[in-house]
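Note sheet for the following structure.
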Amino acid sequence: MILILLGPPGIGKGTQASVLSDILKINHIATGDIFRKNFKENTELGILIKKIIAQGLLVPDDITNQMIADYLSKDIATKDFLLDGFPRNVLQARFLDDFFKNSHLFLTKVIYFNAGTQDLMKRIVGRRICPECGKVYHIENIPPKTPGICDKDQKTLIQREDDKPETFLKRLKVFNQETLPLVQYYREQNQLFEVDGMQNIDQVTKMILEVLETDRK
């Protein structure tokens with residue numbers, strides 16, 4: 001089984017990726033983790049990407065594609081995984097199609113988590129994180145027992161720069177320009193399943209598992 005998760009920033013892809021990978025017993029492959037691994041190990045690609053980022057430039061598709069391909073080639077033995085954070089545009093999707101074809105792999109489903117801008121904004125700006133343990137709260141939906149304080153280690157909660165309204169809107173603009181066209185790309189391939197990402201976690205998971213089970217029949 002191979003799944004791809006798509007959705008705007010703040011929709012909860014990472015949370016669903018963790019839940020689904022545990023239930024389905026498949027690997028959760030997050031692009032951010034692959035980048036950090038290459039940085040930490042000072043690989044040739046990792047060093048190159050660091051230089052590009054240091055110049056304030058975007059990492060070219062061909063370099064990102066190569067990093068993903070290298071990782072998947074080493075981890076291909078299981079042939080069961082979930083991609084979170086890749087592809088980000090149609091060119092990357094076409095590269096991935098070719099990679100799957102050459103590796104005799106078959107994409108099971110693309111899950112697209114949809115939501116309106118205002119709903120996303122409300123979710124994002126209310127998010128708070130513990131700088132010590134990383135636990136995520138929301139001032140309305142998942143509040144700590146004591147306002148502004150982590151339940152676990154009593155540290156003062158913070159709001160990430162990415163979660164501030166002006167930063168979020170910039171990230172959303174990039175998503176709409178680059179990643180949103182992927183929805184139509186995969187819809188035309190009859191591989192897309194769209195789900196309301198603003199439902200609670202259990203509801204979203206249930207809907208995804210149901211459509212995957214239907215596809216198996």
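All positions are counted from 1 along the displayed chain.
Glycine is no exception: its Cβ is also placed from the backbone N, Cα and C atoms.
Over in Swiss-Prot, the protein carries these features:
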| type | residues | note |
| --- | --- | --- |
| BINDING | Gly10, Ile11, Gly12, Lys13, Gly14, Thr15, Arg127, Val136, Tyr137, Gln199 | ATP binding site |
| REGION | 30-59 | region 'NMP' |
| BINDING | Thr31, Arg36, Leu57, Leu58, Val59, Gly85, Phe86, Pro87, Arg88, Gln92, Arg160, Arg171 | AMP binding site |
| REGION | 126-163 | region 'LID' |
| BINDING | Cys130, Cys133, Cys150, Asp153 | Zn(2+) binding site |
For Gly14 (ATP binding site), the three-state class that DSSP assigns: helix
Would you kindly list the residues that approach the region 'NMP' (30-59) from elsewhere in its chain, counting only those six or more residues past its ends and only Cβ-Cβ distances under 8 Å? 14, 17, 66-68, 70-71, 83-86
Neighbour tally for Cys130 (Zn(2+) binding site), based on other Cβ positions within 10 Å of its Cβ: 20
The correct three-state DSSP answer for Arg88 (AMP binding site) is coil
Which has the fewest other CB atoms in a 10 Å radius around its CB: Gly12, Gly14, the listed binding-site residues? Gly14
So among Gly12, Thr31, Leu57, Arg160, all listed as binding-site residues, which is physically nearest to Cys130 (Zn(2+) binding site)? Use the C-alpha atoms. Arg160
Those same-chain residues, other than Cys130, Cys133, Cys150, Asp153, found with Cβ within 8 Å of the centroid of the Zn(2+)-site Cβ atoms are Pro131, Glu132, Gly134, Lys135, Asp151, Lys152, Gln154, Lys155, Leu157
